Amino acid sequence: MAPKKAKRRAAAEGGSSNVFSMFDQTQIQEFKEAFTVIDQNRDGIIDKEDLRDTFAAMGRLNVKNEELDAMMKEASGPINFTVFLTMFGEKLKGADPEDVITGAFKVLDPEGKGTIKKQFLEELLITQCDRFSQEEIKNMWAAFSPDVGGNVDYKNICYVITHGDAKDQE
């Protein structure tokens, strides 16, 4: 048991404590909630199996080991919350907010179609982190109505979030 604790402590010390000054308390809490969702076995460390289970929970059951390995290699060691926050801090430094939001949606769009199923997005919004109320869901669908196939154009949502107006359809 002691070697495991020492390993975790060493991993925690590997992350920069400065990362906490990059975000306000609300943002840190949101990252903590995201970390908790991904840390499926609740051991305080995100590992390959946590990633696999998270993808499975989102309906993506055929994630290749190579994809998971590539994600794990983005960290220099075990991914505890400090390392997780540091990784996001580094990724967000100088990033365009539209690119960041689009990148978050792309995780949910493994085929790269630029759309997400309405039912899937709605389920995530009412069950994860800052849960949407039924009224908020209704308002969102009024602003961003899905197409006849039930697909939502998340690129338009990202544009409106960052620019305030709907993108002209060409």
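The backbone N, Cα and C atoms fix where each Cβ goes, glycine too.
The N,N,N-trimethylalanine feature in Swiss-Prot is assigned to ALA2; the stated evidence is similarity to another entry.
Per Swiss-Prot, the feature phosphoserine maps to SER16 (among others).
The phosphoserine annotation in Swiss-Prot covers SER17 (among others) and is backed by similarity to another entry.
The Cβ of THR26 (phosphothreonine) lies under 8 Å from no Cβ of any same-chain residue at least six residues away in sequence. Marked as phosphothreonine by Swiss-Prot: THR26 (among others).
Among the features that Swiss-Prot reports, domain 'EF-hand 1' is placed at 26-61, with the record citing sequence analysis. Here the domain 'EF-hand 1' (26-61) has Cβ contacts under 8 Å with residues 8, 11, 20, 68-69, 71-72, 78-81, 84-85, 88, 108, 110, 120, 124, 128-130 of the same chain, all six or more residues outside its ends.
Sequence annotations record features per position, and here Swiss-Prot assigns phosphothreonine to THR36 (among others) based on similarity to another entry. Counting every protein chain shown, the number of other Cβ atoms lying within 10 Å of the Cβ of THR36 (phosphothreonine) is 13.
Swiss-Prot lists SER76 (among others) with the feature phosphoserine, giving similarity to another entry as the kind of evidence. A coil conformation is recorded for SER76 (phosphoserine) in the three-state DSSP classification, outside any helix or strand.
Residues in the domain 'EF-hand 2' (96-131) partition by DSSP class (helix H, G, I; strand E, B; coil) as 21 helix, 3 strand, 12 coil. As annotated by Swiss-Prot, domain 'EF-hand 2' applies to 96-131, with the evidence given as sequence analysis.
In sequence order, TYR154, LYS155, CYS158 are the residues of the chain that are 6 or more apart from THR102 (phosphothreonine) and have a CB within less than 8 Å of its CB. For THR102 (among others), the entry in Swiss-Prot reads phosphothreonine.
Tertiary proximity for the domain 'EF-hand 3' (132-167) is limited to same-chain residues at least six positions away from its ends with a CB under 8 Å from its CB atoms, namely 96-98, 101-102, 105, 108-109, 113-119, 121-122, 125-126. Swiss-Prot lists 132-167 with the feature domain 'EF-hand 3'.
In the three-state DSSP classification, THR36 (phosphothreonine) falls within a helix.
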